[in-house]
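Student: The structure follows.
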Amino acid sequence: MNAVIQYILYLGILILLAIPLGGYIKKVMAGEKTFLSRILTPCENAVYKVMHIDSGEQMNWKKYAVSVLIFSGIGLVFLFLLQLLQGVLPGNPQGLPGVKWDLSLNTAISFITNTNWQAYSGESTLSYLTQALGLTVQNFVSAATGIAVLFALIRGFVKVKTDGLGSFWVDITRIVIHILIPLNLVIALALAGGGVIQNLKGGQTVPLLEPVAVNAEGEIIENAVIDVETNTVTVFGKAVEDADIVTEQFVPMGPAASQVAIKQSGTNGGGYMGVNSAHPLENPNAFTNLIEMISLLLIPAALCFTFGRCVKNKRQGVALFMAMFLCLVVALGCVAVREQIATPQLIQDGAVDVSAVDQAGGNMEGKETRFGIAASSTWAVYTTAASNGSVNSMHDSFTPLGGMVPMLLMQLGEVIFGGTGCGLYGMLAFAILTVFIAGLMVGRTPEFLGKKIEPYEMKWATLVCLATPIAILVGSGIAAVFPGIEASLNNAGAHGFSEILYAFSSAGGNNGSAFAGFNGNTVFLNLSLGLVMLFVRFLPIVGTLAIAGSLARKKLVAVSAGTLSTQNPMFVFLLIFIVLLVGALSFFPSLALGPIAEFLSSIG
Amino acid sequence: MAAKTKRAFAGRQMLGRAVKDSFLKLSPRAQIQNPVMFLVFVSAILTTLLWAVSLFGVRDADASSGYILAIAAVLWLTSLFANFAEAISEGRGKAQAAALRASRKDVDAHKIPSPQEKEHFTAVASALLKKGDLVVVRAGEQIPGDGDVIDGAASVDESTITGESAPVIREAGGDRSAVTGGTTVLSDWIVVRVTSEAGESFLDKMIAMVEGAARKKTPNEIALQIFLVALSIIFILVTVSLYTFSVFSAKQAGITNPTSVTTLVALLVCLAPTTIGALLSAIGIAGMSRLNEANVLAMSGRAIEAAGDVDILMLDKTGTITLGNRQACAFLPVDGVSERELADAAQLSSLADETPEGRSVVILAKEKFGLRERQLSGSQVRFLPFSAKTRMSGVDYAGSEIRKGAAEAVFDYVRASGGSCPQQCDTIVRSIASQGGTPLVVAKDRRVLGVIHLKDIVKQGVKEKFADLRKMGIKTIMITGDNPMTAAAIAAEAGVDDFLAEATPEGKLQRIRELQAKGHMVAMTGDGTNDAPALAQADVAVAMNTGTQAAKEAGNMVDLDSSPTKLIDIVRIGKQLLMTRGSLTTFSIANDVAKYFAIIPALFVGLYPGLSALNIMGLHSPQSAVLSAIIYNALIIVALIPLALKGVKYREVSSGRLLSRNLLIYGLDGLIAPFVCIKLIDLLLVFFGLA
């Protein structure tokens, strides 16, 4: 019962917060007054003045797209150089060296694409300067870029017979100043209050309560008896030759709370620490876990309601929200059940107690005891539904089907809420496909929100929807036969394949989470995953803007009883069906070779 | 009986030709037109090559030569079936075109220098006629080209085009002046001004359209094709990546890769949307054929699709909503004028009025007062025909001016010369109009005599029809020359949504523009030259075949029957066309689920024996599973040809109900049917020991 209440609570709080936030975002983007305008609008205007931005500019779709690409391109180059040169730059109290070129490139791409795939370990690779000036800045602006593109599309629906989609520079300024900064201030304060570290100290070294022995590879020796005085380690009375005794621990420090806030709310996911929100200093307790989890889906969920308000059809927003929400609930149900009942292997000999729902039973491997099954499963689903990718447990250790669901959520193209902005514009592309097929079935050439869907829109909508499957299939298809790929894997057989598939699904969904066993830091993987991330980020952006430009030029079609409703349960059902169908048709065979094969052999 | 045999014979002949055509269409150039089927074509070639090399011992994993041959054969059949679907849909059009061609004989045209010099003709081959040439055509001769009658009147047999054997009257001036090349004059003579040169005539266009030669892909078809091509690309990637995945998995398991290229190709063809891909062009051509069968000639495929989108029908009242003819039923005099005096004037003014209304006035005058038709001739008689501009007709006879027409027009005419209009007349006009009748005011020498009551009779069943249309979201607007009050009464009786009263050509155009600006798609019919601007503006414009050349040029469809209710049929055919496309697409994609369950376990059971749990159909062996799936894939094309030709069932219900109905039928069937059929085929294969 306890667990069920937790699940309901997580979902309920999300909806309660998303609705008002959706209204606020609409007001901001329409340039209307909000309760924060008095403080923030002067800042906004100052930015326009300093940057010489014409706040009244109406860009056509091509100019808008070029602005996005230039903006992201500059971010990419800057971030790339920052990492290469961090060794000679200030703000590096730990004296970390410059990052290797392929890893730098991968990380730079990963952050400008809002993916935050981490082939590096945060606390031991990147200096404070890189984290603050590079990653954190991109955490804000890459999230804002997604929202800006969404608004260009919204204007495409709303505007009639015009070219102008608004100004990218104005949009991104407003989003950062009015939405992301205030929201993250609140989240960061709550997190810091809850115990997440927030300081500017270098890493600390503290004594361990109890020394541990490690072998030459740095792995902990089990059942070791340590004699600190004689500096000897014995296992069952036998001395271990090459053992080292560790008496001190390195504790990373730094401005974590502020980074974690935007990591979560901007669907970024790049953790301050290597193990992300599973780290006790990044996510110490149930309270911070709740805050982090809710902020994960908050903006993507709110944008559904924003969309409804902007197109003056609140029910449309609710319909899109419902389509996403239902998928989320089903996915959550699957993961929760699979993790709770674990696998037959865990249950045998009474090794794991899965009988009680109100205690941490089930498959606890890779999960933090302070979170348990419910909070870990929910996080796993939230983080892969949104294209976030932060984790509070290790997805690699989930049961086969429990791990398949997060993978599938990414493979669906990150449209179940998805990234900030990009999730919804991805879903709208699916909605265009849906109205196309449904429209034909009722004998009309399709229209959506009063705009006719013609070959031009279909072409781009199909590309937006299929960018993810194309990227994942091509990427993992090549990786599977790339010489030496086995070295990156933590497991053999079907699970090893799952690790490859997961990595490319994560990059192909701009998600960024990983099956922890997978070592992505090789030249081939850094480059191939980098390319996948760029492809699935910018092809849909250009496609969405092209659709927006074309829609804005069209006239509005009158609504009649013959018009297909896009707000009723039937449409929601169809939309879900199309999303799942495209995902299932693209990935059923590969999932069959990975998690499904693994699952069947575990029960067989 | 004889006719039936003949049709059956023609059917067999058509079938034979379609079979022949399906082989002819196996050329790469024909195949590339349809990307999805091109994929099947390439796959067939690839598997055939695999089979050929397997004979020389080059093995494709553990696939046997016989198995590869079987797969190749089924793939070739799939290609042929798709070609057959297209060929058979073209067959009907081709037969029609052949008949039309036969009627387009090169005849000698009798070219004349001017209408006055009818006797001085020179014989010229019809193919050499230029635009603007004048020709005279006499009884028994074929009209050499499209044109307008500028002198004379004749009865013309137009059965070659309309299929209707009753002759029609073609005469100079007015809305019945257009003649079509290839039709035959039965009596009298006419002088025709040629309006189109050889090769561009109506008959030529018609042949091109029914034959499908002029068929361009419509925007909607292109959009669907984009979607299908994208799906095919995904499936190509799925199968290719699947091969590399299997290589990886086999390496991990330490065995040789048991995945054969043949099976992967079979999987690709099964997954690709071949069902809709194969039937797509057949559906389009069949839609056009259905329209032709309804005796409507569309100038482009685009027009049919637009018909499916129409949400406003502008219908002429006369003939569509009411029984064509209004009948005069009473003479209502005013200001002490006797009823007989009124009847006399009304009869005089109507003598030259050949419209049914005009005639009914003459008849009523005869019935009531025994007024005989008088022979009016000589220079003192001048008839003024009705025109849409003046909305009056009349006669100047023996020094007096008689006018009859719409109340306002006549009042204006009377007032213009300082006359006054009696209050009583106005009351009568209103009372008639409020009863749905049409008041015709008669004035003699600029004095109002009284009113003729014309009664309109609403057709049976139209009210129900309009209610159905409304359910589908289609509004009807009645166009009438009547005054607003009359129009409102008839509109209420017929159940139309709106009306345009006292319609002038400018008014119609204006109304269409307004509606389009609000985002509506408007369909209308028209025949007169003055309808041409409105026809050109409307999204779907149906010109009557009896109409003028200008109207036909302006419209995007021509109704050979010239029936005003045809618009409703056209909308039905347009919607049916789109619905058939959508439903078969859904069916085709839904099929993939079952095909996956057939092929994936078959493909990988060698790698992971546990995957046999996915073989929920319990298919006999991996080979029989793949064969059954691919045979089903080929046969379903043939099975659906009748549906593609006939179109899915259409009902006049709201879009929501239509969607759930079609989803239930084609979506759910698409999920379930292949499971059943593949299992059956598998059982048969095993039964006959083929797998």
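Backbone N, Cα and C define each Cβ position, glycine as well.
Source: prediction; values computed, not measured.
Annotations per TrEMBL:
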type	residues	note
TRANSMEM	B:36-58	transmembrane segment
TRANSMEM	B:64-85	transmembrane segment
DOMAIN	B:120-211	domain 'P-type ATPase A'
TRANSMEM	B:222-245	transmembrane segment
TRANSMEM	B:265-286	transmembrane segment
ACT_SITE	B:ASP316	active site, 4-aspartylphosphate intermediate
BINDING	B:ASP353, B:GLU357, B:PHE386, B:SER387, B:ALA388, B:LYS389, B:THR390, B:ARG391, B:MET392, B:SER393, B:LYS404	ATP binding site
BINDING	B:ASP527, B:ASP531	Mg(2+) binding site
TRANSMEM	B:596-619	transmembrane segment
TRANSMEM	B:625-645	transmembrane segment
TRANSMEM	B:666-690	transmembrane segment
Student: Excluding the flanking five residues on each side, which residues at least 6 beyond the ends of the transmembrane segment (B:36-58) place their CB within less than 8 Å of a CB in that stretch?
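Tutor: Beyond its ends, the transmembrane segment (B:36-58) has Cβ neighbours at 26, 28, 64-65, 68-69, 71-72, 75-76, 78-79, 82, 228-229, 232, 236, 261-262, 265-266, 268-269, 272-274, 276-278, 280.
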Student: Find the one among the recorded positions B:ASP316, B:ASP353, B:THR390, B:MET392, B:LYS404 whose C-alpha lies closest to that of B:ASP531 (Mg(2+) binding site).
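Tutor: In terms of Cα distance, B:ASP531 (Mg(2+) binding site) lies closest to B:ASP316.
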Student: I'm trying to understand the geometry here, so how far is the Cα atom of B:THR390 (ATP binding site) from the Cα atom of the residue listed as 'active site, 4-aspartylphosphate intermediate', in Å to the nearest whole number?
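Tutor: Checking the Cα atoms of B:THR390 (ATP binding site) and the residue listed as 'active site, 4-aspartylphosphate intermediate' gives a distance of 19 Å.
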Student: Counting other Cβ atoms within 10 Å, pick out the least crowded of the recorded positions B:ASP316, B:PHE386, B:ASP531.
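Tutor: Per-residue Cβ counts within 10 Å for the recorded positions B:ASP316, B:PHE386, B:ASP531 bottom out at B:PHE386.
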Student: Under DSSP, is B:ASP531 (Mg(2+) binding site) helix, strand or coil?
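Tutor: The residue in question, B:ASP531 (Mg(2+) binding site), is helix (DSSP, three-state).
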Student: Is it the case that the transmembrane segment (B:596-619) and the transmembrane segment (B:64-85) touch, counting contact as three or more CB pairs under 8 Å in which the residues of each pair are 6 or more positions apart?
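Tutor: Contact between the transmembrane segment (B:596-619) and the transmembrane segment (B:64-85): absent.
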Student: For B:MET392 (ATP binding site), which residues of its chain lie six or more apart in sequence with Cβ-Cβ distance below 8 Å?
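Tutor: Listed in sequence order, they are B:LEU384, B:PHE386, B:ARG403, B:LYS404, B:GLY405, B:ALA406, B:ALA409, B:VAL410, B:TYR413.
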Student: Here are some binding-site residues: B:ASP353, B:ASP527. Which one has the most Cβ atoms within 10 Å of its Cβ?
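Tutor: Buried the deepest by this measure is B:ASP527.
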Student: In terms of Cβ proximity under 8 Å, which residues at least six beyond the ends of the transmembrane segment (B:666-690) contact it?
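Tutor: Sequence-distant neighbours of the transmembrane segment (B:666-690): 70, 583-584, 586-591, 593-595, 597-598, 617-620, 624-625, 627-629, 631-632, 635-636, 648.
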Student: Within 10 Å of the Cβ of B:THR390 (ATP binding site), how many other Cβ atoms are there?
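Tutor: The answer is 17.
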Student: Among the recorded stretches B:64-85, B:222-245, B:625-645, which has the greatest number of Cβ pairs closer than 8 Å to the transmembrane segment (B:265-286)?
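Tutor: Answer is B:625-645, with the largest number of Cβ pairs below 8 Å.
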Student: So which residues does the transmembrane segment (B:222-245) touch in its own chain, when a touch means Cβ under 8 Å and the partner is 6 or more beyond its ends?
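Tutor: Beyond its ends, the transmembrane segment (B:222-245) has Cβ neighbours at 35-36, 39, 259, 261, 264-265, 267-268, 271-273, 276-277, 280, 581, 585, 589, 603.
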Student: DSSP on the domain 'P-type ATPase A' (B:120-211): how many residues come out helix, how many strand, how many coil?
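Tutor: In the domain 'P-type ATPase A' (B:120-211), the DSSP-based counts are 17 helix, 38 strand, 37 coil.
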Student: Can you grab the distance from B:ASP353 (ATP binding site) over to B:ASP527 (Mg(2+) binding site)? Cα atoms, rounded to a whole Å.
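Tutor: Cα-Cα distance, B:ASP353 (ATP binding site) to B:ASP527 (Mg(2+) binding site): 19 Å.
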Student: Between the residue listed as 'active site, 4-aspartylphosphate intermediate' and B:ASP527 (Mg(2+) binding site), how far is it from one CA atom to the other, in Å?
Tutor: 11
Student: Restricting attention to the domain 'P-type ATPase A' (B:120-211), give the mean pLDDT.
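Tutor: It averages 79.
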Student: At a 10 Å cut-off from the C-beta of B:LYS404 (ATP binding site), count the other C-beta atoms across all protein chains.
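Tutor: Other Cβ atoms within 10 Å of B:LYS404 (ATP binding site): 28.
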